[in-house]
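See structure below.
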Amino acid sequence: MEEGGGGVRSLVPGGPVLLVLCGLLEASGGGRALPQLSDDIPFRVNWPGTEFSLPTTGVLYKEDNYVIMTTAHKEKYKCILPLVTSGDEEEEKDYKGPNPRELLEPLFKQSSCSYRIESYWTYEVCHGKHIRQYHEEKETGQKINIHEYYLGNMLAKNLLFEKEREAEEKEKSNEIPTKNIEGQMTPYYPVGMGNGTPCSLKQNRPRSSTVMYICHPESKHEILSVAEVTTCEYEVVILTPLLCSHPKYRFRASPVNDIFCQSLPGSPFKPLTLRQLEQQEEILRVPFRRNKEEDLQSTKEERFPAIHKPIAIGSQPVLTVGTTHISKLTDDQLIKEFLSGSYCFHGGVGWWKYEFCYGKHVHQYHEDKDSGKTSVVVGTWNQEEHIEWAKKNTARAYHLQDDGTQTVRMVSHFYGNGDICDITDKPRQVTVKLKCKESDSPHAVTVYMLEPHSCQYILGVESPVICKILDTADENGLLSLPN
């Protein structure tokens, strides 16, 4: 590697282009190692050719701040690097204000609570006191039944102090914990809560949670997310403006920094191998063509939410929505294999994943590289049981079109005889709702699960594949190959 007189800043891969660059280029001469790579700062590589002028505004560049890179084909490039500096370092060093616990103290003293309403559960975080998830049901006579779990409270002082002591030690050593929030590594202050409702899946040990407070100047202490990261252990992310006065907890935008790689005499403006890779990507990027049916205005029917968040219910996650992609089989072959049960849909984000094999079973599972696969049979298919169920329930739901015709918008199937439930001592059972979902990706499928009652589930499956077979449903909602 050859250096300019001003030295070399860190060369950081901030995206696919830079990852490709690192694979294509190698430093030449000098015998020194490249700077250490990190993902903290994103970069973008530009290939301006032999002649160009450095930007005079924005990030600062110097002509002598460069590296000479050589490809496997002996193509040479002079890559000029931006002078990336952190203007917050001095402010952090000089900060003498309150620590994060002291900044959050007004919130804890106010006895205030924050709420997040999901499709079934409501989450209540009373700051400095407890975390509760609950569901209210009104019965005949307006009697209200409350189904609730405490995910943690402040009675478990040992857990609380352990979390806070760890956070204080990290702050002193400048190791503030961070969490990936929408692609941005964001600093947070953790508050531990233990002594929650006993968890039957963990030998009745109490549930526990970590509340992660992150800075957001315009927030009002909202609950951003609730996730069950492992069985009966939760993470709750809270947005608060109170931490924003502390420089170490402020949200920092990461602007993309441009690197300019000039081609040296005898070299093309861009490496040959990189151009070949880009051409291959263009070939693979086949545009999706919408058919006439998909060009029609979308109906106003109720649509299941498509939120990528694992949400806990009872001792298990109950609303987990995720999008997966089916291999590019031909549509006819894919439908045939789906209806035969040989092609299964998989989905879910978080601890639990779901497998649905049409006419066979619904499984809930978790895979761990150390302990292997944990699987729960949620329901198995029996056509006679389903037909009996269909006599008392709606197996085929219609949508009325503007021209007065009816089309099938959803079918529901009953799968019973699952594994015995610890709470009810009865077999688990699930109602599978198959619904058409228009998408720019014709092979996408969304799978999610609800648990409105203990061990009685609803599995939602939405896909463009289902659009092609819904109208074949008979009076019992059973599907067949289209003509």
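For all residues, glycine too, the Cβ spot is worked out from N, Cα and C.
Pulled from Swiss-Prot, these are the features on record:
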type: SIGNAL; residues: 1-33; note: signal peptide
type: DOMAIN; residues: 111-246; note: domain 'MRH 1'
type: DISULFID; residues: C113-C126; note: disulfide bond
type: CARBOHYD; residues: N195; note: N-linked glycosylation site
type: DISULFID; residues: C199-C232; note: disulfide bond
type: DISULFID; residues: C215-C244; note: disulfide bond
type: DOMAIN; residues: 342-469; note: domain 'MRH 2'
type: DISULFID; residues: C344-C357; note: disulfide bond
type: DISULFID; residues: C421-C455; note: disulfide bond
type: DISULFID; residues: C436-C467; note: disulfide bond
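Structure coloured by features recorded in Swiss-Prot.
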| residue | record | DSSP class |
| --- | --- | --- |
| C113 | disulfide bond | strand |
| C126 | disulfide bond | strand |
| N195 | N-linked glycosylation site | coil |
| C215 | disulfide bond | strand |
| C232 | disulfide bond | coil |
| C244 | disulfide bond | helix |
| C344 | disulfide bond | coil |
| C357 | disulfide bond | strand |
| C421 | disulfide bond | coil |
| C467 | disulfide bond | helix |
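Of all the disulfide-bonded residues given, namely C215, C357, C421, C436, C455, the one with the smallest number of surrounding CB atoms inside 10 A is C421. Within the model, the domain 'MRH 1' (111-246) shows a mean pLDDT value of 81, rounded to a whole number.
In this view, C344 (disulfide bond) is surrounded by 16 other Cβ atoms within 10 Å of its Cβ, with every protein chain counted. Cβ contacts within 10 Å of C199 (disulfide bond), excluding its own Cβ and spanning all protein chains shown: 18.
Within 10 Å of C467 (disulfide bond), as judged by C-alpha distances, no recorded positions are found among C113, C126, N195, C199, C244, C421. Over all protein chains present, the Cβ of C232 (disulfide bond) has 23 other Cβ atoms lying within 10 Å. When the Cα atoms are compared, C357 (disulfide bond) and C421 (disulfide bond) turn out to be 21 Å apart.
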